[in-house]
Amino acid sequence: MPAPEKTPGWLERRLPVMSVLRREYIAFPMPRNLNALWSFGAFLMVTMAIMIASGLFLAINYTPDITQAFASVEAIDRQIPSGWFLRSLHMGGVTMLFACLYIHIARSLWYGSYKAPRELLWLTGLGLMLMVMVTAFAGYVLPWGQMSYWGATVVLNAAHTIPLIGKPVSELLLGGETLGNTALHRLFVLHFTMAFAIVAVIALHVTALHVVKPNNPSGIDPVSPKQTLPFHPYYTSRDGFALCLFLMVYAGLVFFLPDLLTLADNYVQANPLVTPRDIRPEWYFAPFYAILRAVPSRLGGLLLAVGSLAVLFALPSLDRSPTRSATRRPLVRLSLPVAFLSFILLGVAGMHPPTETWLIVSRLAMAWWFIHFLVVMPLVSEREITS
Amino acid sequence: MTQSETSPSSGGTKRRDLLTTATVTLGCAGACALAVPFLTSLKNPAATTLSDKTLEVDLSSLAPGQDMTVQWQDWPIFIQRRTPQMLAALQTPAHIATLRDADSKMLQQPKDATNWHRSVRPDYGVLVGICTHLGCVPSFEKPGSAPEAEGGYFCPCHGSHFDAAGRVAQRAPAPYNLPVPPVTFLSDTKIRIGHSAGDPGFSMSDIQQI
């Protein structure tokens, strides 16, 4: 960077924010061949900001007490001015957040963004995914509808099957064996706290990105300045345009299809004596729910559901090949799309009743997910011929 | 002062290492001790514990083939009056072959209900309506309705089947039969849930799993 011509200003001498912004967000060299999939990180940042803003204003009108929670959410929908909009924004935001998250992760898998030197970028990203999952789970309990109650009961009882620590820890954290007032209050605190913890980890994730620089579709880091473009105006305008398209989809969900992804049963207050006939998870948890259900043993189901995420954490050490992009790896190019398809199939299976057919589909899809990461990736990276 | 105390490479360094280790160790111990009150505050004094409360239920309005649900210890309790057809269906060898624990070997019921009909009297069944898989409440399927022709319980969460006596099907994800609470018949149409005259020492906290 050329030396500044005039002496640094008052602020610059005390806190060099302007020069850091200039270095990281204006002059920052970006690979010039990035495709549309590289905009999903920006979508995630914007959605997260909307979630926190709408969440704060919803919290102002929400009562975390089992006798009043359901009514307070109904009041937000029906009586509070613009309450319906804030809630719809928050509920639609979860779907947009998870959709972008899964695409963002799939992109990293396809172009090998988890490989050296970006391992910490990958791990902080997966950590963010887990944090978003915990937050979404806690948030879904808050309206205290039938689906909130029974979904949480199933997860809680699955956690109880962890030997030795499962039951005591969950009883300590939720204040009792079953879901009650204490649990609701604590899940509210958890939901709130996690949101801000996520912001802190996003800061780590983005800092790591600015240290190791973005990957690109070729998987080969740019070597000369000719292969890069400054972040502004090239990528600010491109991400800005992509964000407009993204917000159009988001707005469509919020304004035209607010009920598309909610279940009617969650507009019935929680009743510990009756489980709804048609119990389904939210779509973003469906793949893991399908795994939980496809395994005849409870602990086994839980371990495999957790394991399906754990293999992602282990991926930088499972895949030792120096070639990043799957487009240059003939076998990965075949195996990885099947793994993506398996994930989608698990999601579809998780949304359907547990008939024999769907159980078989779940088991096959689950098997391929694990085979891809635990068998194909280590073997292929030993003996593949890359193009 | 001796040489070893002043030399930065030998004695002095060791003494400083010891001080550092001791400071860090005590600091960690202090932080752990401070965490204890934070963790104990999470314990809920009103946490659900089993109470000694019993519940008397009048069964005079229950016709054969009907079922009802009452609440005891915060649990849904299913009470059913069985028809002779239901009782016959419970005993067919073909049906028994599909069960995981047909003889109720697992401690999921008092001794006076450890029998083929898993109840004190064959014509009445009393069960805790909580699926032993992941805790959902199964729904009663009347005899003749799908999927169990002889009537039984179906869990909507993960598809576990139980027969009318609460015995779990082999292909179900649930591992155990539905629990049977302690029941005493006060008269022909009145029961007390919470105490078992046939097995006075029985406690719900001893069973395999709710």
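In case you wondered, yes, glycine gets a Cβ from its N, Cα and C as well.
Annotated domain 'Cytochrome b/b6 N-terminal region profile' per TrEMBL: A:7-218, in sequence order. Sequence annotations record features per position, and here TrEMBL assigns transmembrane segment to A:37-63, A:84-105, A:120-142, A:149-166, A:186-212, A:240-257, A:299-318, A:330-352, A:358-380. Summarising the annotation, TrEMBL assigns domain 'Cytochrome b/b6 C-terminal region profile' to A:221-387.
Within its own chain, the transmembrane segment (A:240-257) is flanked in space by residues 36, 39, 42-43, 46-47, 85, 88-89, 92-93, 95-96, 100, which lie at least six positions past its ends and keep a Cβ under 8 Å from the stretch. Tertiary neighbourhood of the transmembrane segment (A:186-212): same-chain residues 24, 28, 41, 45, 48, 51-52, 55, 59, 62, 64, 117-118, 120-121, 124-125, 127-128, 131-132, 134-135, 138-139, 141-142, 152, 173-175, selected by CB-CB distance under 8 Å and a gap of 6+ residues from either end. Sequence-distant contacts of the transmembrane segment (A:299-318) (same chain, six or more residues past either end, CB-CB distance under 8 Å): 105, 109, 114-116, 119, 122-123, 126, 129-130, 158-159, 161-163, 287-289, 291-293, 366, 369-370, 373-374, 377-378, 381.
Under the criterion of 3 or more C-beta pairs below 8 Å, with sequence separation of 6 or more, the transmembrane segment (A:330-352) and the transmembrane segment (A:149-166) do not qualify as touching, having fewer than 3 such pairs. For the transmembrane segment (A:358-380), same-chain residues at least 6 beyond its ends with a Cβ under 8 Å from one of its own Cβ atoms are 290-291, 293-294, 304, 307-308, 311-312, 314-315, 318-321, 329, 331-332, 335-336, 338-339, 341-343, 345-346, 348-350, 352. With a threshold of 8 Å between CB atoms, the same-chain residues lying at least 6 positions outside the transmembrane segment (A:149-166) that come near it are 137, 140-141, 174, 178-179, 183, 187, 270-272, 275-276, 279, 281-282, 292, 298-299, 301-302.
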